[in-house]
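Asker: Pasting a structure here, questions to come.
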């Protein structure tokens, strides 16, 4: 597994033309921009956890049936400091590092106060966020980094704390039809309170064309939710929205703030300050019109959710789908020592991710009997059982076991939808399939190839499409076979048949998340040669090159 998880990857700074097999639809023009860890050792030092690896951006630009690939490390402050020192000097969540390798307990203690609430890394390796006309590499700290989507150049560093009081924020924001961004972050012990802050970033800022009117400078707090515990807020990776509501799971995977405050002194990682508490499992439903939580108290069985799939309203009920785990063991699996040794054995000790549907009533029937099911929908077997004191126990419907990294046709986000596109994960050493799951029929279509590990599938709709699945699925495929080149996969989203794949002779890294930018300008930043340049090059070519 070291070929996938542990080996540092080289940058591909100049656009590299891929070898396309099959035919890419003529309408598919744009750039698939992706993010994930690509460097796990610096000098003689090594990160402990895969999620700590230095961010490596890469892109596939598609135009006129051709594909060009490039990759570049995010030049974060973290990257620059590590490379300059030729060792890891900035801590990640699973790796505690010290600027001075000779630092002793007394100098650690001297730095203790400055680490009470840690100044986290800006190694933004998880996702790409669109904000107005700009794009940002993101992770789950208070930092994001602006990037050039054509050249992958790293631009300015943004600290959320200068605009909204949050120490952490998700890498999975939501976008409305106008392009406004909705996200959620955690404010740790701010003015004696710990809370979850939902904030909005406008897509545009009016100002008569004046410079400096960045949407990020016009963030606003939409609402906030008090944490159940001052010193143990919940960890979360995403949240759900409908047209009128926000779904936030205050789950039992929690951060111990006191342990985090002493982690630097103790030489312990921040990941060691996360713990699973089975007694806490709250579902918060926020009404977007009042900006307040509904009064009914909803809860469910203990679980850990990294990815919400979608949510929508139906007949006075709110339905939301998530990928749920029984515990927090997945995070433990991604320590590099476990990934690269006895991976198959270790992976089977983790709980299996399951697509689960929850249903909550938006209007409580106060006359309903205690213990009665408040959900009357025929579309789901999920239940909401009334208990005393306006409390409701939510029992989900199990839809499918063994999938992760879910995506949908985003035009249906917050609305009734039918299809989930995801990576099938049955916890074999090499998960090798992409799945299209039909929520209505509970059937599925799959694509898979031996020795291939597909990344998160991204849906791109056909222009003018009316059907939800009328479009293309794109996925970056990493091969576990060193003799097989990685490639960009192009699937027909309706039939799940392969239309084309574009192979590139590089050591591609396994990424996490990203997005497709339609109609991206190839020539901006010399992303790829123009058609005229390619034609002239072909005329000048005397004989084919042999390799």
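Each residue, glycine too, has its Cβ placed from N, Cα and C.
TrEMBL annotations: computationally assigned, not manually curated.
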Asker: When you get a sec, could you say which of 479-501, 525-547 is annotated region 'Disordered' by TrEMBL?
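Answerer: Spelled out, TrEMBL records region 'Disordered' over residues 525-547, not the other listed ranges.
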Asker: These are the binding-site residues: 237, 307. Which one scores highest on other Cβ atoms within 10 Å?
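Answerer: The residue with the densest Cβ neighbourhood is 307.
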Asker: Show, in sequence order, which residues other than 172, 237, 307, 513 on the same chain lie with their Cβ within 8 Å of the centre of the Cβ atoms of the Fe cation site.
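Answerer: Leaving out the recorded residues gives 126, 127, 170, 171, 238, 306, 308.
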Asker: Which number gives the other C-beta atoms within 10 angstroms of the C-beta of residue 172 (Fe cation binding site), all protein chains shown included?
Answerer: 21
